[in-house]
Amino acid sequence: MSLLATVGPTGGVKNRLDIVDFVRDEKFFTLYVRALQAIQDKDQADYSSFFQLSGIHGLPFTPWAKPKDTPTVPYESGYCTHSQVLFPTWHRVYVSIYEQVLQEAAKGIAKKFTVHKKEWVQAAEDLRQPYWDTGFALVPPDEIIKLEQVKITNYDGTKITVRNPILRYSFHPIDPSFSGYPNFDTWRTTVRNPDADKKENIPALIAKLDLEADSTREKTYNMLKFNANWEAFSNHGEFDDTHANSLEAVHDDIHGFVGRGAIRGHMTHALFAAFDPIFWLHHSNVDRHLSLWQALYPGVWVTQGPEREGSMGFAPGTELNKDSALEPFYETEDKPWTSVPLTDTALLNYSYPDFDKVKGGTPDLVRDYINDHIDRRYGIKKSEGGKNPALDLLSDFKGVTHDHNEDLKMFDWTIQASWKKFELDDSFAIIFYFAADGSTNVTKENYIGSINIFRGTTPTNCANCRTQDNLVQEGFVHLDRFIARDLDTFDPQAVHRYLKEKKLSYKVVADDHSVTLKSLRIRVQGRPLHLPPGVSFPRLDKNIPIVNFDDVLDLVTGVVNIGLTAVGATAGVAIGVVGATAGTAIGVAGAATDAVTNIAKGGLGALGRIF
């Protein structure tokens, strides 16, 4: 039962807009800023306050919009669903209730305008939660990440400058449930990319987003195009025949980019992430990814899977499926939402501009259009004047050209990392780059990408995690664009030589304490792809064996230390460099290596400030 049904915004089906376009719309942006400020200012005990809506995801672990006598699962967690098959659909309806409350506030605000009131009232009816297209423009507009104050339109039509509520949320007060979570129990506002002094470092955050942009675009493309079943698409785990990140894994990256600095900020901790207003821009885009993927794979929907971690909605070990209740969200006072009807976003009165040109089209028409749309927006572009045959071939497989008449083949190269999901209690990241010159400085030229692990733990759910010690999680970083840039072939022998010469390197980033990730395994895999004439979806060529390289980047089973005070490096950074000898990985413990010598000279100083 719920005291506040989730029905979506009013006004019929309207588009959620890209934040880049949204901030340029005078009425939408004005209403959004004012409405966001209004719900942020509400008493934190109010079910429709920003605090309570955000608190559904994690802390303060209290029932949301329930009668006082409603029983809940006796489990120390929020309602959020992670690492399980309901991750996409639960968050779909979660964003909808937020959008519903936000629009309700905007409609009240629109009535206060004394000029062009009819237009403002209509704009409020059309208002939907915007999305941040992280795969296309990872560095968002200044209004989202930089400007302390923004210009909006006042009720009399004049322009005014107001505090920007998109940058952060101010707790009033800090909730008692935050006690015992260092920094989070004293920060009076949400914090992004904090430095060692616990203060935001926005220039470094922008630099980090710029550095991660190409990899994020490539991950987005592969996630949408190369996950054909629900389990592999919906959540992160270790699945057979998978070489692309899941929706959840790509989602985790954004949490890591925004929240992780020298120490963890709010977006990096699952129990606090939703309090950062950027969370809602991010999750609107995660839902958009779900819609795009649905178009590519019509008819594929929620399958059965276990609740691994436990939440306020599901006890650990519960078997979940499309009929599972998506607590605490209800269609009516007594009818909980399930995943079954959520294939159609029109039920919640929203859509995305990506579908404007194919509204009402057949599933085949929509699939073909969205496939081309994804290719254009996130795919690899051909070289200018055909100067790079390898890049042109890659574009045929992962780009905008589908009018080829040839029978095309190539190896698709990916770094694959796996680890025991619950070995570490907190969020961390694995970062990959080339270190051919022995340098520890990361640039746009040698940076490959990262895998970000998004966690939020308490003593209770940590204890449950330890009972599931063998659960494995995996992530992927793609190498094709570098190989296409530097080589004229994707041939395994040439790629093997190239990767050894480039010295493929990794490092692990976490808080400023030392840990060991014993279960980490890393390899490079080449999968033979086949693209027949006129076909737009590459497929695995089963006549050619998959190639695995364990000697260009070892399957790391030894020590991966976080915290390098012993060698004079910035705390919170660890690095491993593949040695010149095949099959040898040099970890931080190998103090005699050139890599550690370089670290001791302070080579990672700037990098530590970025990551």
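Quick reminder: no glycine exception, Cβ is built from N, Cα and C everywhere.
Per Swiss-Prot, Cu cation A binding site is recorded for H57, H82, H91. Its Cβ taken as reference, H91 (Cu cation A binding site) is surrounded by 23 other Cβ atoms within 10 Å in the chains shown. DSSP assigns H91 (Cu cation A binding site) to a helix in the three-state reduction.
Residues annotated as Cu cation B binding site in Swiss-Prot, with similarity to another entry given as evidence: H251, H255, H283. DSSP gives H283 (Cu cation B binding site) a helix state.
Sequence-distant neighbours of H255 (Cu cation B binding site): residues of the same chain at least 6 apart with a C-beta under 8 Å from its C-beta are M267, T268, A273, H282, S427, N452, F454. Here Swiss-Prot flags H255 as substrate binding site.
On a Cα basis, H283 (Cu cation B binding site) lies 12 Å away from H57 (Cu cation A binding site).
In the structure as shown, the Cβ atom of H251 (Cu cation B binding site) sits within 10 Å of 25 other Cβ atoms. Spacing of H91 (Cu cation A binding site) relative to H251 (Cu cation B binding site) is 12 Å (Cα to Cα, whole number). Here the CA atom of H82 (Cu cation A binding site) lies 13 Å from the CA atom of H283 (Cu cation B binding site).
Every protein chain considered, the tally of other Cβ atoms within 10 Å of the Cβ of H57 (Cu cation A binding site) stands at 24. Other residues of the chain with a Cβ within 8 Å of the Cβ centroid of H251, H255, H283, the Cu cation B site, are H91, D252, I254, A273, F279, H282, V286, F454. Within 8 A of the CB centroid of the Cu cation A site residues H57, H82, H91, the other residues of that chain are G78, Y79, C80, T81, F87, W90, Y94, A270, A274, H283. Following the DSSP three-state reduction, the secondary structure of H82 (Cu cation A binding site) is coil.
When Cβ atoms from all protein chains are considered, those within 10 Å of H82 (Cu cation A binding site) total 24, not counting its own.
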